[in-house]
């Protein structure tokens, strides 16, 4: 059983919802990442999504695009991101780590080499934003054989057939994109999202996480009433951007926001 599956089972039995923060590896500089990952776990994170910096992050809004830019100034790469995961794993063997990024760096490294390195580093899941299930035929079986969970993005307009295909290929959880557009967008219609999640549940038994547009504890708590996990990204990355020259302040601001969200989810 994967760490992700085990984590969601434990949470389900405890009637709790997963809190999944996202940060970009190496933002604002590489030495910040691992300490803040540990701090996020202490603040109540159940899973961590770690973004792989990329020069053309088309699915990301301005906040996370700038995070990639800050990380790339320090020559961050997929390989260096995996090194950070391995460093995190030296002290934390239980918190699942999901790499979130684009296909190009994986293709440049080579599918098999990436899978081998990700497994060795202690990665648990791989979410490749621009790899639709129709094009995942070679990559996904490699992930399965290595015990890595492929995670797919569900859009509000995904057809039933597409949801079922992603559920058949995916492991760990499905990531429902609560808004049409890029990360960090606003105007979240919670009633519409809740209705959509209820329908998706009729098509798959995989846990469902909801992200894009989660800005505060109130929204996190509302999503937690019908989803299995709440993913928060841009709101945390904004804290890093606002205090990028003051790492201790950035870490405190991230921890404070996550702690409030954790309390709201558990209330």
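For all residues, glycine too, the Cβ spot is worked out from N, Cα and C.
Residues or ranges marked as active site, proton acceptor by Swiss-Prot on the basis of sequence analysis: 49 (among others). Counting only residues at least six positions away in the same chain, the Cβ atoms of 20, 21, 22, 23, 98, 99, 100, 127, 231, 233 sit under 8 Å from the Cβ of residue 49 (active site, proton acceptor).
Residue 60 (active site, proton acceptor) carries neither a helix nor a strand DSSP state and counts as coil. Annotation comment: Swiss-Prot describes 60 (among others) as active site, proton acceptor.
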Exercise. Work out the three-state DSSP category of residue 49 (active site, proton acceptor).
Key: strand
